[in-house]
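One structure is given here, and the rest of the page talks about it.
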Amino acid sequence: MSYAFKELPGRGYGCCLAHSEELKVGKDPFCQTVCRGATKRDDWPNGVKCNTSPEPCLNETCSRHGVCKPSPESADGFECECERRWRGKRCELRLGACEFEQKRLQELNVEETAICLNNGTCVNNPNGLDFHCQCTPAWEGIRCEKSTHQV
């Protein structure tokens, strides 16, 4: 997306999409923000270049499953804090039930963080909301906690 910039007396530089005729920050739908970090350059429209995107968190950058936080250290200028069941740069990946349970156990600081005990395997159920443990032949139970061997 290309921007054109124009100096607004006492307010810094206004940012506007290049195809917009007039710059009216707050009135023109394309000019909703003031550009920060602008530098004058003769080879840019109106002689101004915006060093960073005006407001990196204005769009739905975190895919409705996280909160956008401006971050100058990030290449994109923002970071997403994802909701509990979501992950990814833009909170676009839903955690499977096994991943979510693993994360929950770690957050609780429990001593045993294995979801399925005794070499059992966690399997996401088709609904994606819950899981079951696939136990080895010597074990059974919800988390493979009961021995099948009679003592």
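Cβ atoms here come from the backbone N, Cα and C positions, even for glycine.
Here is what TrEMBL records for this protein:
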- 53-92: domain 'EGF-like' (DOMAIN)
- C82-C91: disulfide bond (DISULFID)
- 107-145: domain 'EGF-like' (DOMAIN)
- C116-C133: disulfide bond (DISULFID)
- C135-C144: disulfide bond (DISULFID)
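The structure, with features from TrEMBL marked on it.
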{"residue": "C82", "record": "disulfide bond", "Cβ neighbours (10 Å)": "21"}
{"residue": "C91", "record": "disulfide bond", "Cβ neighbours (10 Å)": "21"}
{"residue": "C116", "record": "disulfide bond", "Cβ neighbours (10 Å)": "23"}
{"residue": "C133", "record": "disulfide bond", "Cβ neighbours (10 Å)": "21"}
{"residue": "C135", "record": "disulfide bond", "Cβ neighbours (10 Å)": "21"}
{"residue": "C144", "record": "disulfide bond", "Cβ neighbours (10 Å)": "22"}
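Assigned with DSSP, the residues of the domain 'EGF-like' (53-92) fall into helix, strand and coil as follows: 0 helix, 12 strand, 28 coil. Long-range neighbours of the domain 'EGF-like' (107-145) within the same chain, counting only residues 6 or more positions beyond its ends whose Cβ lies under 8 Å from a Cβ of the stretch, are 94, 96-98, 101. Calculated from their C-alpha atoms, the gap between C133 (disulfide bond) and C144 (disulfide bond) amounts to 7 Å. Take the Cα of C144 (disulfide bond) and measure to each of the disulfide-bonded residues C82, C91, C116: the nearest one is C116. When the C-alpha distances from C135 (disulfide bond) to the disulfide-bonded residues C82, C91, C116 are tabulated, the minimum falls on C116.
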